[in-house]
Amino acid sequence: MGSFLKSFRKDVGSAAPSVGAPPAKKEPQPLPMTPLEKMLTELGPIRGDGSDKFYGMENFGNTCYCNSILQCLYYSVPFREAVLNYPKRTPIEDLEAALAKALRYQDPNARLEAEALAEKQKAANSPRPGQPPNPQQKPEDKDSPEYKKKLALQTLPLLETTDNSVSYGIPESLFSSLKDMFESIVGSQSRIGIIRPQHFLEVLRRENEMFRTAMHQDAHEFLNLLLNEVVVDVEKAAAKLLESPQPASDVSDSVIPSSSSGSRTPNTTRWVHELFEGLLTSETQCLTCEKASQRDEVFLDLSVDLEQHSSVTSCLRKFSAEEMLCERNKFHCDNCGGLQEAEKRMKIKRLPRILALHLKRFKYTEDLQRLQKLFHRVVYPYHLRLFNTTDDAEDPDRLYELYAVVVHIGGGPYHGHYVSIIKTQDRGWLLFDDEMVEPVDKNYVRNFFGDKPGLACAYVLFYQETTMEAVMKEQEQENTEPPVEVNASTLKQNGFSSSATLAHAHSASQVPTYEDHDRFTGLKRAPTAPQLSTHPEHTTTDSESLPSPAPDPAPLTSLPPIPPIPETPPAPLTSRKSDLQSKKERVKEEKERKAAEKEKEKQRRKEIETRLKDRQRREDDDLKAALEASKVSKEDEDRRNHAENGTSKKNAGGLGRFRSLSQRLSTKESRTSLSRIPPLPNGNHTLSKVPDESEQTHPKSPTPPAPLSRPASQPLNDDLLGSPRADTLAVPTEQEHIKNSKHDRSSHGKWRSFSLRKKSFNILSS
């Protein structure tokens, strides 16, 4: 037993390390592969066009608005090629040699040292036994975007950019710094890394005071400013290049078309206009003279108003809806020469190759006196056709595909964060969040329609032109790919579940359940998508991605009809082409039908105007006939009065019969006063009996009394009737008659004028 213990102690002593020996150096453990690295493992050699480079961009303090827009512009193939080719393309060998020192690889031991230092600080700050734990100290989540960004800065290659405007032959500007960034990414020897756009931001802040502060900026404003600045810088560079003549070899190599990308790069200074510029036509039609006037204006992006529970199609329809110009907003018509009511509408006359749609999420409210974010649900399709075009538009049936989405995360316009989801050339959809770049599935793009406050919302949509053949080819590839298994780790990679700053943007791509399938079935009727076999927004609801239930044994007998499947692919292609042709025919028929309806409406209006003019002419003729009849009746009455009373035409008129009545009364009174005159030589004829005063004062009827009867061959003695004696005798009797009959309705002036008006109206109506 003693010998055994001695030998045991001896073995233990020999196995113990010597006290003075140094500890063994810790070997650096290999980092686990990121999802992006796993995706790029099977790629071949590096391409020379930069389409297989996936670089994040370092955030220098609220510069996410800049990073998201720059990423969208870089992955636009025609825009990237145009920037690289103007004024001339730098050879790839020169780029690689110049960027050999600019690309800085990280030391893997530095990360271990940083982690060891962090662990030591954590151990020093840890509470001692018996002390309560610090509630503010939380364990770091390795799945959060912040941790992934920090890890990327410590491990991925860093790419510095410098000013190379002298080699381009143009002055330093925002365009030259943008070209520096694009050339740095294209010429780098690493597919992944982080680029530092520090020089670009310095030029931006030097030339634009609005971006000098570290405040939250608007991504759409930056896009608009960048495109306009690029246009100005390119025109200045072209003017400088014209002043300094170049050799013929340099001029011939100024634009090198890229055969790998297949994009047609413009070789003029208007390549920005040819890519992003469209033409809007404002049609205004005067409602008075029906003359239409047009005014054209260019645009680099379209800003559309939003409505709750709508789509991009409905927003564009509202954008081109008819607007009534009335009241204070009347239209000045040159044809009418004044302000008139009019109808105004906006239509697209020329479509751009790259369509940037700005969803107006920020609206000024009068109550709050500030901008407020709208969390309206707006559905956007993967493929889009614009319908609000003019009849003479160039290529009105152009098909667009969604290739980039800029997302705003936050509750208001004055704070938040911007990220971009971009469809790459052959690697699918990627999420660019400053330094972090991760692959996402196609359905992840649908998470930013925006229907709840606090969630991420799509802010700028980038559509690029495509063809129906390319869409069909892409769908065939998607149908042949095996279904991807979605597990918890995939959800962590695609979402923002544990981020402190992006926690409100939790929009991980999940496998939809059958309830989700029922909820999204209404989107199948979106009119903006092309007539394809499967709507792009519902690919996850197919049997490929949904877990299908276990089939019954009975349906297994239906398996033999499967062999004819390889013969079916050509059939849908023919039917789709025929559908496209039939759709074009339907569009043409619709245009012809609308033109026919418009012509019919115009003809109907002319007929209505003709009928109105005829009726007005008939009314004028009737009025003239009534006036002529009134004149004839007036002349007849004048002749009758003249024949009965012997009055002259001077007294004839509207009041002639009343004047003759007073004259007859005065004549009667004068004749009664001459009753003592001896009889005339012809004794056979005597004057008729003169009515008494009572009969004159109270007549039995309102009709005037009959004239005195006398022979027509025996005229009155005018000298005797006109003598002063006769006037003296007749005046008191006439005054007495007026005094006695002033209360009589038939003799009052008011009633006489009323009977006159009534008589005139009867004549006109007859």
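For all residues, glycine too, the Cβ spot is worked out from N, Cα and C.
Now, the feature entries from Swiss-Prot:
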REGION    1-32  region 'Disordered'
COMPBIAS  13-23  compositional bias 'Low complexity'
DOMAIN    55-466  domain 'USP'
ACT_SITE  Cys64  active site, nucleophile
REGION    115-145  region 'Disordered'
REGION    243-266  region 'Disordered'
COMPBIAS  249-263  compositional bias 'Low complexity'
ACT_SITE  His417  active site, proton acceptor
REGION    526-752  region 'Disordered'
COMPBIAS  548-572  compositional bias 'Pro residues'
COILED    573-620  coiled coil
COMPBIAS  576-643  compositional bias 'Basic and acidic residues'
COMPBIAS  734-747  compositional bias 'Basic and acidic residues'
Per-state residue totals over the compositional bias 'Basic and acidic residues' (576-643) - DSSP helix, strand, coil
68 helix, 0 strand, 0 coil
Roughly how many Å separate the Cα of the residue listed as 'active site, nucleophile' from that of the residue listed as 'active site, proton acceptor', to the nearest whole number?
7
Count of other CB atoms lying within 10 Å of the CB belonging to the residue listed as 'active site, proton acceptor'
24
